[in-house]
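Student: Pulled these from Swiss-Prot:
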BINDING   CYS163, CYS166, CYS232, HIS235  Zn(2+) 1 binding site
BINDING   CYS259, CYS262, CYS281, CYS284  Zn(2+) 3 binding site
BINDING   CYS353, CYS358, CYS373, CYS377  Zn(2+) 5 binding site
BINDING   CYS382, CYS385, HIS390, CYS394  Zn(2+) 6 binding site
BINDING   CYS464, CYS467, CYS475, HIS479  Zn(2+) 8 binding site
DOMAIN    30-99  domain 'Ubiquitin-like'
MOD_RES   THR187  phosphothreonine
REGION    255-482  region 'TRIAD supradomain'
ZN_FING   157-246  zinc finger
ZN_FING   259-314  zinc finger
ZN_FING   334-394  zinc finger
ZN_FING   432-473  zinc finger
ZN_FING   436-467  zinc finger
Amino acid sequence: MSFIFKFIATFVRKMLELLQFGGKTLTHTLSIYVKTNTGKTLTVNLEPQWDIKNVKELVAPQLGLQPDDLKIIFAGKELSDATTIEQCDLGQQSVLHAIRLRPPVQRQKIQSATLEEEEPSLSDEASKPLNETLLDLQLESEERLNITDEERVRAKAHFFVHCSQCDKLCNGKLRVRCALCKGGAFTVHRDPECWDDVLKSRRIPGHCESLEVACVDNAAGDPPFAEFFFKCAEHVSGGEKDFAAPLNLIKNNIKNVPCLACTDVSDTVLVFPCASQHVTCIDCFRHYCRSRLGERQFMPHPDFGYTLPCPAGCEHSFIEEIHHFKLLTREEYDRYQRFATEEYVLQAGGVLCPQPGCGMGLLVEPDCRKVTCQNGCGYVFCRNCLQGYHIGECLPEGTGASATNSCEYTVDPNRAAEARWDEASNVTIKVSTKPCPKCRTPTERDGGCMHMVCTRAGCGFEWCWVCQTEWTRDCMGAHWFG
């Protein structure tokens, strides 16, 4: 009955909008697809303030069912009736899964095939959408155990992706499906707690109801595993096959760590995969990539491809997900791909055509000195000296100026020691950090007034926390204590 009243109220409001704005309706209605495990797909318009009970009351009659016979699954969770649409992080043309509840006897058989400790239950936490319960994957286990309710709000998971459609760094949404049938009517037995849970296979089991016969992982009837993937949150969904590359090194700077290059404290940063977890802002990361690209200082890695390490020179710090380099411009990324291809040819014992404007990669026999650029410019050259092919010994190389590796991107060791994610404070940062306007040394403020004194030996600059300039009488009068 409550749904009928809400429906009438919504209809009246829409009519008033139509009369007031001459046909230009102002509405936040979401057009959503509802899929069943019997092959049906419905298109419904949902108001953000509606709850899941309203959705069931709208969908059930179209399926010839009662609302109590349905359950709604989204992003790995069975949603409770009290969950509202606006809590679910839905976008236009998102997909909800409406599954008919199985008879009690049938449900009992399915549940008995799963491990008792992994059996999902619809507790308050389990019935909330994944975006409401998932904590930031950068948090350590100890931080998760000791987190308070106030800290939990700030530590909700936030993801970044490179979207090929938007062609930029975008906010991302985590989604989940069955690893076997790729269906979205899948509920996880637990939330992911680290990036390995999300990026690696066979980490988190769950229950799949995408098909009329539930999926099982093996002949013993073990539950299937979840497959996580990401979508762009900044454009209309392209359906369940929509995908965006996750940039797992880019994070919200919840620890307020300064950039190791410019020392600014940015909201969004990249954390290198080294033991110290050095931090850089996105602009400085682009500058780092651009300068290394200009000098062809990217390195071939047997597992990760053409990549870069931490600029502080840390061991075991190569970037694994090369989609991070798509933060460069399109032209720069095309250049990166060309250099990567050329590097592969050279590593395989090949040569590059030296003719200006060509650069074709050529794989030739080890003892072959005369090389012809086939399928390219047709230039014939000497493999040893890369000059036009000749009879006899190669001419000695000229004494021209040799190339230098004077990189524009440099890292101060003192800054690198301060720009470490692993030594920053935990989830709530009650102590904020800003760089001294004179020497750029990060300075902490833990309450008190806005009059700051740089703690770096030899500096001692007095400055205003608000203005980030030299402390003056104006600062004293306007915001000494905030």
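Start at 1 and count along the chain as shown; that gives each residue its number.
Cβ atoms are placed via backbone N, Cα and C, with glycine included.
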Student: Hey, how far is HIS390 (Zn(2+) 6 binding site) from CYS373 (Zn(2+) 5 binding site), Cα to Cα, in Å?
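Tutor: Here the two Cα atoms lie 15 Å apart.
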Student: Kindly state the mean pLDDT of the region 'TRIAD supradomain' (255-482) in the predicted structure.
Tutor: 81
Student: What whole-number Å value do you get for the CA-CA distance of CYS377 (Zn(2+) 5 binding site) and HIS479 (Zn(2+) 8 binding site)?
Tutor: 69
Student: Other than CYS163, CYS166, CYS232, HIS235, which residues of the same chain sit close to Zn(2+) 1? List them in sequence order, counting a residue when its Cβ is within 8 Å of the Cβ centroid of the site.
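Tutor: So the extra residues in range turn out to be VAL161, SER164, GLN165, LYS168, CYS170, ALA233, GLU234, ALA244.
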Student: What is the number of other Cβ atoms found within 10 Å of the Cβ of CYS262 (Zn(2+) 3 binding site)?
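Tutor: Around the Cβ of CYS262 (Zn(2+) 3 binding site), 17 other Cβ atoms lie within 10 Å.
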Student: Which of the recorded positions CYS166, THR187, CYS232 has its Cα nearest to the Cα of CYS358 (Zn(2+) 5 binding site)?
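Tutor: Considering only the listed recorded positions, the nearest one is CYS166.
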Student: Other than CYS382, CYS385, HIS390, CYS394, which residues of the chain come within 8 Å of the Zn(2+) 6 site, judged by Cβ distance to the Cβ centroid of those residues?
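Tutor: Checked against the 8 Å cutoff, the neighbours are ARG369, PHE381, ASN384, LEU386, GLN387, GLY388, TYR389, GLU393, LEU395.
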Student: Using C-alpha positions only, work out which of the binding-site residues CYS163, CYS232, HIS235, CYS373 is nearest to CYS262 (Zn(2+) 3 binding site).
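Tutor: Sorting the binding-site residues by distance from CYS262 (Zn(2+) 3 binding site), the top entry is CYS163.
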Student: Sort the recorded positions THR187, CYS259, CYS281, CYS394, CYS475 by C-alpha distance from CYS373 (Zn(2+) 5 binding site) and give me just the closest.
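Tutor: That would be CYS394, the closest of THR187, CYS259, CYS281, CYS394, CYS475 to CYS373 (Zn(2+) 5 binding site).
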Student: What's the CA to CA span in angstrom from THR187 (phosphothreonine) over to CYS232 (Zn(2+) 1 binding site)?
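Tutor: Approximately 22 Å lies between the Cα of THR187 (phosphothreonine) and that of CYS232 (Zn(2+) 1 binding site).
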Student: Within the same chain, and leaving aside CYS353, CYS358, CYS373, CYS377, name every residue whose CB is within 8 angstroms of the centroid of the CB atoms belonging to the recorded Zn(2+) 5 site, in sequence order.
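Tutor: Once CYS353, CYS358, CYS373, CYS377 are set aside, the remaining close residues are PRO354, GLN355, GLY359, MET360, GLY376, GLY378, TYR379.
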Student: Least buried of the binding-site residues CYS163, CYS464, CYS467, going by other Cβ atoms within 10 Å?
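Tutor: Counting other Cβ atoms within 10 Å of each of the binding-site residues CYS163, CYS464, CYS467, the minimum falls on CYS467.
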Student: Cβ-Cβ under 8 Å from CYS382 (Zn(2+) 6 binding site), same chain, 6 or more residues apart: which ones?
Tutor: ARG369, LYS370, VAL371, GLY388, TYR389, HIS390, CYS394
Student: Starting from the Cβ centroid of CYS259, CYS262, CYS281, CYS284, the recorded Zn(2+) 3 site, name every other residue in that chain with its Cβ within 8 Å, sequence order please.
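Tutor: Other same-chain residues near the Zn(2+) 3 site: PRO258, LEU260, ALA261, THR263, ASP264, SER266, VAL269, THR280, ILE282, ASP283, PHE285.
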Student: Counting other CB atoms within 10 A of each CB, which of the binding-site residues CYS259, CYS353, CYS394 comes out lowest?
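Tutor: Comparing Cβ neighbour counts within 10 Å for the binding-site residues CYS259, CYS353, CYS394 gives CYS394.
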